[in-house]
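Novice: This structure is in structure tokens; I'll ask about it shortly.
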Amino acid sequence: MTPFEIIALRQTLKFVFLAVGLIATLIYAVFFCHRPPSRAKTIVKAIPMPAFAAAAWISFGHPAVTIALLLSAVGDIALSRDGERPFLIGLIAFATAHVAFIIHFWTIGAGPLDAPWYLIAAIALFALSTERWLIPFTGDMRWPVRIYVVLIALMGLTALGLPTMPLATIGAFAFLASDTILSLQLFRMSDTSRLQRPASVALWLLYAGGQFLILAGSGWATPLF
């Protein structure tokens with residue numbers, strides 16, 4: 001194959017992988033996200049992030065984004081199961097993914113200090129507010145959850161330093177919103193709450209959509225759109 005043909009093939013595969021990830025995202029949202037744990041649920045949930053990571057890798061995307069997406073896939077698999085141990089594994093995987101995104105945003109962006117002060121203050125106040133509405137309800141997971149809150153706040157702050165990449169900024173805050181919904185589901189909502197089902201759908205769409213927007217906006221040297 002000529003170099004031109006190789007580049008064309010890589011570009012084609014990029015869009016194929018993106019399509020696979022988006023289709024799997026919709027299938028999971030419609031058929032699985034509100035259901036109890038099952039093998040099928042785990043399999044479908046495990047598809048979108050590796051597909052997005054493959055799209056980044058095959059077309060020379062930023063390595064930190066590829067790594068973050070793969071770590072998120074580990075978190076997806078873990079959180080598709082019940083129990084404290086899978087939750088802790090998922091928490092660690094997603095925390096590490098946030099670290100990768102923080103490094104990526106800091107490297108390619110202008111830094112959060114150029115952002116409006118009120119946005120920085122809003123993120124800081126949100127993180128501090130979890131000491132009232134979240135942390136007291138987390139039991140033995142108090143400190144892991146605290147660390148996670150710090151990391152998602154830092155991701156939000158570094159995302160503010162991407163003024164020329166609005167898709168990535170929107171994606172980062174969609175990710176933050178999904179984490180907020182997840183924390184409410186896990187620690188504040190009862191299992192029988194009527195809000196569980198709509199919360200599960202909103203959580204998944206914000207999370208997967210946010211990851212896609214981060215990839216589309218900052219995964220390559222030129223935004224996808």
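Heads up, the Cβ atoms here are built off N, Cα and C, so glycines get one too.
Copied straight from TrEMBL:
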TRANSMEM  12-31  transmembrane segment
TRANSMEM  51-75  transmembrane segment
TRANSMEM  87-109  transmembrane segment
TRANSMEM  115-135  transmembrane segment
TRANSMEM  147-164  transmembrane segment
TRANSMEM  170-189  transmembrane segment
TRANSMEM  201-221  transmembrane segment
Novice: Between the transmembrane segment (170-189) and the stretches 51-75, 115-135, 201-221, work out which stretch tops the count of Cβ pairs under 8 Å.
Specialist: 201-221
Novice: If you count every Cβ pair below 8 Å, which range out of 51-75, 115-135, 147-164, 201-221 shares the most with the transmembrane segment (87-109)?
Specialist: 51-75
Novice: Who are the long-range neighbours of the transmembrane segment (12-31) in its own chain, taking Cβ under 8 Å and residues 6 or more past its ends?
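Specialist: Residues 41, 44-45, 47-49, 51-52, 54-55, 58-59, 201, 204-205, 208-209, 212 contact the transmembrane segment (12-31) from elsewhere in the chain.
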Novice: Can you say which of 51-75, 115-135, 147-164 has the most Cβ pairs under 8 Å with the transmembrane segment (201-221)?
Specialist: 51-75
Novice: Who are the chain neighbours of the transmembrane segment (51-75) in space, where the CB to CB distance is under 8 Å and they lie at least 6 residues beyond its ends?
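Specialist: Residues 10-11, 13-15, 17-18, 20-21, 24, 89-91, 93-94, 96-98, 100-101, 103-104, 107-108, 211-212, 214-215, 218-220 contact the transmembrane segment (51-75) from elsewhere in the chain.
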